[in-house]
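Structure first, then comments.
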Amino acid sequence: QFFVFCHGLLQLSQLLVSGYLKSSISTIERRYGLSSQTSGLLASFNEVGNTLLIVFISYFGSRVHRPRFIGCGAILVSLAGFLMSLPHFITGPYEYDQSVASMFSNTTDLCQPGVPGSRGNLSDAGCTPYAARENHEVLLVMFIAQALLGIGGVPIQPFGISYIDDFASERNSPLYLGILFSVTVIGPGVAFMLGSAMLRFYVDIDKVAGDDVQLTNKDPRWVGAWWLGFLVAASLVAISAVPYFFFPREMPKEVGERDFPVVLLRNLRHPVFLLVVLAQVNLSAMVAGLATFMGKFLERQFSLTASLANMIIGAVNIPGAMVGIVVGGAILKRFQMSLRQCSAMCVLGMFLCLLVAFPLLFLGCPTQKVAGVIYSESSEFEHYALECNLQCNCPEKAYNPICGSNNIEYISPCSAGCRVVNIDADNSVLNYTHCSCISENGFAGFAKPGTCGTGCSHLFLPFVVLSCLAGILASVSHTPSFMLILRSIQPEDKSFAVGIQFMLLRVLAWMPGPVLYGSAIDTTCILWEKKCDRKAACRYYNNNLFRQR
């Protein structure tokens, strides 16, 4: 029971490292100018290191000192966590376009007639070869860290599961595994809560005095302290690795030697095993994609801050899934279900989940009106200059959204033709006035800093309730589907079968899932940020397409 406790703790902190990346993905995209396809690849890259090794490791599972192996893996995971935060310390401070001249730059993004069009703005300054190299280094470090994270995670799950299943009684084993699996689901929940807490701090909290930060966390240019969470999570993993070096090997020797290829084929030819695993693959691919981009979706669809979106996922969606898993396990134990009843329960859960999730296709709003980013019928998007700001010589790449009094959003004060900025006592922007593009009753209008938002808040609650319900129903089938696998194969193949199962899940679901989702999301982008003439992060999405795809 102490081993189950320790293993729960380790899995929790391991998932904290991998789950935390998913919670800060939209922030890292914005900070380093990544497309969703790239960030999806980054999020799933830990599966690469994992897949290469998992089958062999679980095959040798019965021959090695399992607890010690788990401990070594955990130390690698902790290293990976510290590596993930490294880019923050090797790159300069975060730069963004500003309306108020500051110690960083004296250029502003107001409308200044008579200033020649070549006026310097921040986005172009970062185009030196050094800046481009810095960006490659950041990606390289993160991809290496993710690969290490995967390699370190290899022994943790299969060895832990088989160690427990070998020693627990037949009757208690489902209970212990149920406890472990529910922890596996709390992990990402805690990770999203951690993300929610950390992203409230400004990214350069360690490099810049608080007074110099002119952004609030509601600003679309805001970047939170994404690196802090990795330091916290990595330290936790390091601590929970310690007890493993003191557990005994204490294994009754398994009967008979066996052959790697024979066992592999024996399991792959098993129809129940194969069908259940393929079903789990389909479900997991969806979960992997959703987990990575659900926060981003909520931010865009309902105009939430990154911090609040993480809070909702961590406090509502993931606990919902946990409830489902526990309920599924409890029903199994209570009714001692046969394998046929297990599969019926899985089918029912999935069917109800589909019914509940169907309305989610329609719960959302179109993108707010953005001047100069028009939506033309052929679904091609074009960016045109408004007549009213021609004399302003706006820098092409400025991004500092403001919301006009006419409820249309403008990409920057300059593109709205605003000439005056009003600042309140603590150096933050109150509003912009004398804006030639915003006309009200024939007079030049004014604008507030920040985006107009999608005006979708009334649909937010129904969306959260339905998605949570769908999650509960889908995860009821989690434990019964595992029991279908564990009880339908030969007992001595257990450790190996779980290894094959996790490998298939990784190769067919967890690796491609986030990349496919990211690519689909990229196809709905209306306006890309440009960095050194390459596409960087997306500024605006077509929200309806984003939701449907």
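Every residue gets a Cβ built from N, Cα and C, even glycine.
Listed in TrEMBL:
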- 382-436: domain 'Kazal-like' (DOMAIN)
- 41-62: transmembrane segment (TRANSMEM)
- 69-90: transmembrane segment (TRANSMEM)
- 138-163: transmembrane segment (TRANSMEM)
- 175-203: transmembrane segment (TRANSMEM)
- 223-247: transmembrane segment (TRANSMEM)
- 268-291: transmembrane segment (TRANSMEM)
- 311-332: transmembrane segment (TRANSMEM)
- 344-364: transmembrane segment (TRANSMEM)
- [ ] Given the cut-off of 8 Å on Cβ pairs that are 6 or more apart in sequence, determine whether the transmembrane segment (175-203) and the transmembrane segment (311-332) share at least 3 such pairs.
- [x] yes
TODO: Pop the mean pLDDT for the domain 'Kazal-like' (382-436) in here, whole number is fine.
DONE: 80
- [ ] Determine how many residues of the domain 'Kazal-like' (382-436) DSSP places in helix, in strand and in coil.
- [x] 6 helix, 21 strand, 28 coil
Open item on the list: Can you tell me which parts of the same chain pack against the transmembrane segment (138-163), counting only residues 6+ beyond its ends and a CB-CB cutoff under 8 A?
Closed with: 3, 7, 10-11, 14, 17-18, 21, 32, 34, 38, 42-43, 45-54, 57-58, 61-62, 66-67, 69-70, 72-81, 83-84, 86-87, 90-91, 177, 180, 494-495, 498-499, 502
